[in-house]
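Q: The structure under discussion is supplied below as C-alpha cells; questions concerning it will follow.
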Amino acid sequence: MLRKPIIAGNWKMNKNPQEAKAFVEAVASKLPSTDLVDVAVAAPAVDLVTTIEAAKDSVLKVAAQNCYFENTGAFTGETSPKVLAEMGADYVVIGHSERRDYFHETDEDINKKAKAIFANGLTPIVCCGESLETYEAGKAVEFVGAQVSAALAGLSAEQVASLVLAYEPIWAIGTGKSATQDDAQNMCKAVRDVVAADFGQEVADKVRVQYGGSVKPENVKDYMACPDVDGALVGGASLEADSFLALLDFLN
C-alpha cells in the first residue's frame, strides 16, 4: 500500500506573524507537487491568520498546534476547532508530549479533541510517545499502544484511515538524541499494529504514521526509508526555511 508521505513542521511557541509570513513566502514556491508529498507547518495560534493567508495560493498546508473539544463557550484562553476550520486550517496537532506534560492533557481529552476536529472537517495529527524511563524499562510498545487506542476510541474506520499519527519518543524531542532507524521502524510498526487490532488491517494500511524527535535534513532519509514511517513531525529543523526545504530532499 503506497501511502503519501507527510512532512510537518511544528514551530511550537516561535515566530511572530511577520516571521511566519516571511517563512511561508520563502518556501511556498519551492515545495514539491502534492502528488509526491503533503507538506504542512503547525503555527502558533497568534500566527495562524497570517500563515493561512500567506500559504493560500500554494501547496503548503497549515496546522494549529492545539484546540479545545467544544466549538464555543466559556473556555477562556482556548481555541475553537470550528473557528480553525472557518479560518482555513487543514490540520490540528493534538496530544503532543509538551501538552500532556505541561498542561496535564489526558488521553480522554485528546480523544474528545480528535472527535471535535473531525466534526469540523479538519484532520488531526495525533501525537504519542514514551519517556526515557518507559523506553529503558522495555515498556514503550505497551505504553504507546495504550495512548493510541485511547486517542482513537469511538472514531470511525474511515476517520482513522484519514488521520495522521505522530510517534515522538519524549527522550528524543529537542534533546539532540534521535531514535535509531530500527527504533523508529519498530515503534511506527507497533503504532500501526494497534490500529490494525482496533480497526482492521485495511485501515492500518492506510493510516499515515510520522516519526518525530530530533529529525533533521541529515537523518530524515534514514527514517523515510523505513517501511512503516510515512513522514516526520519536525521541531527545530522546521524553523528556518532552508532546513525545512532540505527535509524534502529525501524525495530525490
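Note that the numbers count up from 1, one per residue, in the order the chain is shown.
Here the Cβ of each residue, glycine as well, is placed from N, Cα and C on the backbone.
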Q: In Swiss-Prot, ASN10, TRP11, LYS12, SER214, GLY235, GLY236 are given as binding substrate, so which of GLY154, GLY174 is in that site too?
A: GLY174
Q: Please give the maximum pairwise Cα distance, in Å and rounded to a whole number, for the substrate-binding set ASN10, TRP11, LYS12, GLY174, SER214, GLY235, GLY236.
A: 14
Q: In this structure, which of the recorded positions LYS12, HIS96 has the fewest other Cβ atoms within 10 Å of its Cβ?
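A: Minimum Cβ neighbour count within 10 Å, taken over the recorded positions LYS12, HIS96, occurs at LYS12.
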Q: Based on Cα coordinates, which of the following recorded positions are within 10 Å of GLU168 (active site, proton acceptor): ASN10, HIS96, GLY236?
A: HIS96
Q: Hey, which of the binding-site residues ASN10, SER214 is the loneliest by Cβ count within 10 Å?
A: SER214
Q: Would you please pick out, from the binding-site residues GLY174, GLY235, the one with the fewest other Cβ atoms within 10 Å of its Cβ?
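A: The binding-site residues GLY174, GLY235 were compared, and GLY174 has the fewest Cβ atoms within 10 Å.
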